[in-house]
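Q: Sharing a structure with you now.
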Amino acid sequence: MKEDQVVQEESGFQDDEESLFQDIDLLQKHGINMADIKKLKSVGICTIKGIQMTTRRALCNVKGLSEAKVEKIKEAANKLIEPGFLTAFQYSERRKMVFHITTGSQEFDKLLGGGIESMAITEAFGEFRTGKTQLSHTLCVTAQLPGTGGYSGGKIIFIDTENTFRPDRLRDIADRFNVDHEAVLDNVLYARAYTSEHQMELLDYVAAKFHEEAGIFKLLIIDSIMALFRVDFSGRGELAERQQKLAQMLSRLQKISEEYNVAVFVTNQMTADPGATMTFQADPKKPIGGHILAHASTTRISLRKGRGELRIAKIYDSPEMPENEATFAITAGGIGDAKE
């Protein structure tokens, strides 16, 4: 009886995986020609769910797609995908696909409810030297290792906006986990973004890559999310445009994480908060990106310095974990538990 139950659960999981990666080529059976399908793929829309996640207006902006064609594509996609409503029980079953990637520290994992979650954006912010980039490098290795709940490990895409990625650091962390250096480095796809526009364009490539190797990639890292936006849009006059572009990019990230069941981890910087002096805070600083980034991130983690190599992580915002703190250490082998 139990074996039957396990088989049913596994087949249910596979059904969910298949519905997640329904290829856009299926539209051919519903009268959409291959030329139009290629146009959709060129902008990173590679799955039926991807069409559902894109507005008609955005589809009309794709070169060569008229309003009539877009309407036809939407109708065809709706025939292939299930209706929008599920019971809470059905949704909880679907949530079983969610996996967690360990941070390298048991205390930190406990704080996050198991680690960095898939189908979600996890943001870590803090001043310089609080461990943001070290955490990014550690996740590049731990995401490749088998974990709890049947997680088998996978590949990573790392988008670097500040030229802080160091392959040698991955070798040191790989030594700690007894993993082959070459294998670890081969499983990390690296891209350097130079402008906020370039950063957005790279996400089209990311979506195409996730689709091409469906289920192989497990983690997308952007270190750091706001650095290029700060440079490209300066002063209050450009703030509205910056926030609009940022909102579009974050919406794209959210959709990618859900469409391909990957974890998205982003780091963020801090800025002085002049208004907070009235609240008598000792060190008034806040993460940049404003309300748009605050609402887009599923889980927000605040990092601050402790004694020596110790760092303190605090849940700043989370839909399921309580506001709490954990102490971790930055070691030669990446993020680890603090020694008592």
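Here the Cβ of each residue, glycine as well, is placed from N, Cα and C on the backbone.
From Swiss-Prot, for reference:
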BINDING   Gly126, Glu127, Phe128, Arg129, Thr130, Gly131, Lys132, Thr133  ATP binding site
BINDING   Arg230, Phe233, Arg236, Arg242, Arg311  ssDNA binding site
BINDING   Arg230, Arg236, Arg242  dsDNA binding site
Q: If you count CB neighbours within 10 Å, which one among the binding-site residues Phe128, Phe233 has the smallest count?
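A: Fewest other Cβ atoms within 10 Å, among the binding-site residues Phe128, Phe233, is found for Phe128.
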Q: Measure from the Cβ of Thr133 (ATP binding site) and count the other Cβ atoms within 10 Å, all protein chains considered.
A: 21
Q: Find the longest CA to CA distance in the recorded ssDNA-binding set Arg230, Phe233, Arg236, Arg242, Arg311; express it in Å as a whole number.
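A: Greatest Cα separation within the listed binding residues comes to 34 Å.
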Q: Least buried of the binding-site residues Arg129, Arg230, Arg242, Arg311, going by other Cβ atoms within 10 Å?
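A: Result for the binding-site residues Arg129, Arg230, Arg242, Arg311: minimum number of other Cβ atoms within 10 Å at Arg129.
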Q: For Arg311 (ssDNA binding site), which of these binding-site residues sit within 10 Å, Cα to Cα: Glu127, Phe128, Arg129, Thr133?
A: Arg129
Q: Show, in sequence order, which residues other than Gly126, Glu127, Phe128, Arg129, Thr130, Gly131, Lys132, Thr133 on the same chain lie with their Cβ within 8 Å of the centre of the Cβ atoms of the ATP site.
A: Gln134, Leu303, Lys305, Arg311
Q: What does DSSP assign Thr130 (ATP binding site), in three states?
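A: Where Thr130 (ATP binding site) sits, the three-state DSSP reduction gives coil.
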Q: Can you tell which of the binding-site residues Arg230, Phe233, Arg236, Arg242 lies nearest to Gly126 (ATP binding site) in space, using Cα positions?
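A: Nearest listed residue in space: Arg230.
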Q: Compare the Cα of Thr130 (ATP binding site) against each of the binding-site residues Arg230, Phe233, Arg236, Arg242 and report the nearest.
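A: Checked the binding-site residues Arg230, Phe233, Arg236, Arg242; minimum Cα distance to Thr130 (ATP binding site) goes to Arg230.
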Q: Nearest to Arg242 (ssDNA binding site) in three-dimensional space, by Cα, is which of the binding-site residues Glu127, Arg129, Gly131, Thr133?
A: Glu127
Q: Reported as an integer number of Å, what is the Cα distance between Glu127 (ATP binding site) and Arg230 (ssDNA binding site)?
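A: Here the two Cα atoms lie 16 Å apart.
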Q: Looking at Cβ-Cβ distances, which residues of the chain lie under 8 angstroms from Gly131 (ATP binding site) while being 6 or more apart from it?
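A: Set apart from Gly131 (ATP binding site) by at least 6 residues yet with Cβ under 8 Å, we have Leu303, Arg311, Phe328, Ile330, Ile335.
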Q: Check the binding-site residues Lys132, Arg236 for other C-beta atoms within 10 angstroms of each C-beta and report the one with the most.
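A: Sorting the candidates by Cβ neighbours within 10 Å, the top entry is Lys132.
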Q: What's the number of neighbouring CB atoms sitting within 10 A of the CB on Gly126 (ATP binding site)?
A: 24
